[in-house]
Amino acid sequence: MKFFALFIYRPVATILIAVAITLCGVLGFRLLPVAPLPQVDFPVIMISASLPGASPETMASSVATPLERSLGRIAGVNEMTSSSSLGSTRIILEFNFNRDINGAARDVQAAINAAQSLLPSGMPSRPTYRKANPSDAPIMILTLTSDTYSQGELYDFASTQLAQTIAQIDGVGDVDVGGSSLPAVRVGLNPEALFNQGVSLDDVRSAISNANVRKPQGAIEDSSHRWQIQTNDELKTAAEYQPLIIHYNNGAAVRLSDVASVTDSVQDVRNAGMTNAKPAILLMIRKLPEANIIQTVNSIRARLPELQETIPAAIDLQIAQDRSPTIRASLEEVEQTLVISIALVILVVFLFLRSGRATLIPAVAVPVSLIGTFAAMYLCGFSLNNLSLMALTIATGFVVDDAIVVLENISRHLEAGMKPLQASLQGTREVGFTVLSMSVSLVAVFLPLLLMGGLPGRLLREFAVTLSVAIGISLVISLTLTPMMCGWMLKRSKPHSQPRNKGFGRVLVAMQEGYGKSLKWVLNHTRIVGLVLVGTIALNVWMYITIPKTFFPEQDTGVLMGGIQADQSISFQAMRVKLQDFMKIIREDPAVDNVTGFTGGSRVNSGMMFITLKARGERNETAQQVIDRLRGKLAKEPGANLFLMAVQDIRVGGRQSNASYQYTLLSDDLAALREWEPKIRKALAAMPELADVNSDQQDNGAEMNLTYDRETMSRLGIDVAAANSLLNNAFGQRQISTIYQPMNQYKVVMEVDPRYTQDISALDKMYVINNDGKSIPLSYFASWQPANAPLSVNHQGLSAASTISFNLPTGSSLSEASDAINRTMTQLGVPSTVRGSFAGTAQVFQDTMNSQVILILAAIATVYIVLGILYESYVHPLTILSTLPSAGVGALLALELFDAPFSLIALIGIMLLIGIVKKNAIMMVDFALDAQRNGNMSPQDAIFQACILRFRPIMMTTLAALFGALPLVISSGDGSELRQPLGITIVGGLAMSQLLTLYTTPVVYLFFDRLRVRFSRKNRTTVTE
């Protein structure tokens, strides 16, 4: 009593405490960063290595494997995957959450250094690493276009100037430049001219390499001067290489221009990039795992004017894609939803109390509690994101509950004629323990979430802590500021002016009277209610087992990502046409605002596209509906497939794939993997629960298999090294020399001119100079025939791997897709040598599924323990928890009605319902226990009186929570697909719980009371005997 009086009789101090809480919250709000979701990125490091011209199998065995063995010793690695393709290897290391990315990077560099001696000597550079996840969608894409500069020159500006500067911006993890390659001098050899002049390809390579040398020449000095020696030992342009003498034939000089075309071009001509219908260079910017996307994008945008000034005016630098506008729009929608929730909650209070002064009290308590939470969020290092703001939106209904319970009880005393200050003190004392029990038990629900590990734990931690802090502040405000305001603002009511005798008050009285009559009947037919309660428990179990489930709601971020997969034998020229055709189809869709794409590099049969949709208000379709519409049109394009997926804020794993979810096949027997993967993929593609089924196993590429006749080679004076060198010089885009410039280094690339390699007959024109200086045709000692060969070789750990990717068709859930995959694997009878497991997001979903039931049971157990401690009883907590089954049925039924799968967001709703619906029972049980102990009432009279007197606050608190969540259900703007499952779960659970628990709680209370009496009699009988 003295504690409450301290605040009631000292209004100035109480007001100033509330003002201090508010000011701290305002300051915290201004300092909080903005993000789409809490920081849940796994630390990922990508290692890249290249050996131009090397086959995928060579890259896998000679480059990937040594690196993997060394990298595999690093502590804290969750997963290591690699992909080796023509001339390049990429290894992805995903670390656990506890690894610091910088410390992991140092370990990676040490592992690369340790493996260096095992790598091929012909690698043009050491392996490099980047602290970014290549499977993440870029946070921003910049494009460079020009009518004046070539693609190679644009690429040079992009990689040399722009990418270097952008990479230094805080938060940027990787800047990937695509669409072309660095400028280079290309030497296109004429095999017939070489044969006529008696010049070998090695002669040309040696001559060029020796003619372009950058070596120190020293200095000359006398007694007073010093001269640095400088020579013209470097050749920098094609024009300087053309007159280069590479051989003498019968005393006549053979110049490079006599046997080759020498042009200023690019290192790799098999690259193409486009933005809309125009050739372009793309800068794809990805953030560091721990970086804030909004802050990073803002920093990049702030540097763009400066970057534009560093490049010529004839180059147009544009932002083709930016992830931040949709994130900001989504957060603005949540903030609007929060405001609407506050308004609806206050309206509910006004309808029940019918007093402006009384309504003002919770109208003050709610914003003070919510604003004060921002200070704690800042101290905890949180951000303003969809989940934390959703927590505050839901908290609106919670924080007003405490104030409502106190306010309603004080109002009841005022209506009975008590003086305001006395009513405040008496009313607060009566419900102080009730409010404490409600708040503490509600916070207890979130303790298992705080202890939950992995990505779900990280994801839900901000939500749980934010909501718990809001509830804690609300508890303080409701026991200090609320009674003080009631004592000084409210007046003693007169009988004729009581709100319950007017308007809505009469409706409430009628409802209360009707409830009283129905409750009397229920208390006389408890067995029926008991059967209903048992039925709801069984229905909960059945509905949870059968309801479709997924990991996270499918978001509409306004960005689509597409992967092109063409025939494995397609040429680059044909692939470029496919890219243009696909882009044309997509550009014609009315929902599309911008499209960029690129193809080429080490995988000539694949490409990537990034599509920006129009703002949500400018299109009628969701991102998934746009994909469904485009899927039919894209399927008509022969010889290639374009797989589209909506970019999500959460993507787990480092695998680059053409779909959202992955299933990985592993085997130590590569032949078995290559045999079974097509069978499994074909079977899965026929399943209606999956869409866009594709695989990264590409082992049907066209290969020309040369077989050397070693005896003939020995007789002709030719060794294998010379023959291999011939092939590399001719067809490997071999980098044979380096041109040093102040800003960058460029290569001299040699190959047979593409005009002479249009078909297999090009091999007939190849000659090797033997030990006697004679030109020997390749066909003299080698035979060849076409064969199939892999375009890529993939590993997971040290095992051969193949990842099957898939999307979900409209109406299908991830649980249904998972069941279909497991069923298919069983039906096919896949041997034990081929192991299958889900990967990435699908794997996290499996882990979450296994822990969901345990998490819910842990929350219930935690609440039981807390309530048992508060009530010093084993029985009363069970009475209070008997409200949960009806809420579960309501939540699951609502999800079914809205055709929404059970996701991690819906799980949050279930956890919240555990905390919300027990409040009704707490108010009933508290009053009934007090009536039994202090009012000498029978258990039945006590619980009946408790139900009647607590009817109004129960209705107020339930409707406040329900209306607080209602805006989440009806929201339709950006990010609504993330909010709706939470609102649907809470509204459905509250509605069903309110309907049933008003009757089941008193019945359960009486059941346990009779059970207690029966055991007490048995114990007394035993003692007497």
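Every residue gets a Cβ built from N, Cα and C, even glycine.
What you see is a predicted model, and the numbers here were worked out from it, not measured in a lab.
The transmembrane segment annotation in Swiss-Prot covers 3-23 (among others).
Look at Swiss-Prot and you will find 333-353 (among others) tagged as transmembrane segment, backed by sequence analysis.
Tertiary proximity for the transmembrane segment (360-380) is limited to same-chain residues at least six positions away from its ends with a CB under 8 Å from its CB atoms, namely 18, 21-22, 24-29, 31-32, 338, 342, 345-346, 349, 388, 392, 395-396, 399-400, 402-404, 407, 462, 465-466, 469-470, 473-474, 477-478, 481-482, 485-486, 489. If you look up Swiss-Prot, you'll see 360-380 (among others) marked as transmembrane segment, on the strength of sequence analysis.
The transmembrane segment annotation in Swiss-Prot covers 387-407 (among others). Long-range contacts of the transmembrane segment (387-407) within the same chain: residues 37-38, 331, 334-335, 337-338, 341-342, 345-346, 349, 353, 358, 361-362, 365-366, 369-370, 373, 377, 427-428, 431, 434-435, 438-439, 442, 459-460, 462-464, 466-467, 470-471, 473-475, 477-479, 482-483, 486, 912, 915-916, 919, 923, 953, 956-957, 960-965, 967-968, 978-979, 982, 986, each at least 6 residues beyond the stretch ends and with a Cβ under 8 Å from a Cβ of the stretch.
Positions annotated as transmembrane segment by Swiss-Prot, on the basis of sequence analysis: 431-451 (among others).
Residues or ranges marked as transmembrane segment in Swiss-Prot: 463-483 (among others).
As annotated by Swiss-Prot, transmembrane segment applies to 528-548 (among others).
For 853-873 (among others), the entry in Swiss-Prot reads transmembrane segment, with the evidence type sequence analysis.
Summarising the annotation, Swiss-Prot assigns transmembrane segment to 875-895 (among others) and lists sequence analysis as the type of evidence.
Long-range contacts of the transmembrane segment (897-917) within the same chain: residues 394, 397-398, 441-446, 449, 456, 459-460, 463, 467, 544, 547-553, 811, 813-815, 848, 852, 855-856, 859-860, 863, 883-884, 886-888, 891, 961, 978, 980-986, 988-990, 993, 997, each at least 6 residues beyond the stretch ends and with a Cβ under 8 Å from a Cβ of the stretch. Residues annotated as transmembrane segment in Swiss-Prot, with sequence analysis given as evidence: 897-917 (among others).
Marked as transmembrane segment by Swiss-Prot: 953-973 (among others). Counting residues 6+ beyond its ends, the transmembrane segment (953-973) has Cβ neighbours under 8 Å at 329-330, 333, 336-337, 340-341, 344-345, 347-349, 352, 390, 393-394, 396-398, 400-401, 404-405, 408-409, 508, 511, 616-617, 916, 919-920, 923-924, 979-980, 982-984, 986-987, 990-991, 993-994, 998 in the same chain.
Under the heading transmembrane segment, Swiss-Prot lists 984-1004 (among others), citing sequence analysis as support.
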Selected stretch (most C-beta pairs under 8 A with the transmembrane segment (431-451)) from 463-483, 875-895, 984-1004: 463-483
The transmembrane segment (463-483) and the transmembrane segment (528-548) contact flag, 3+ Cβ pairs under 8 angstroms: no
Residue numbers, six or more beyond the limits of the transmembrane segment (3-23), whose CB comes under 8 Å of its CB atoms: 364, 367-368, 371-372, 375, 421, 424-425, 428-429, 432, 473, 477, 479-481, 483-484, 487-488
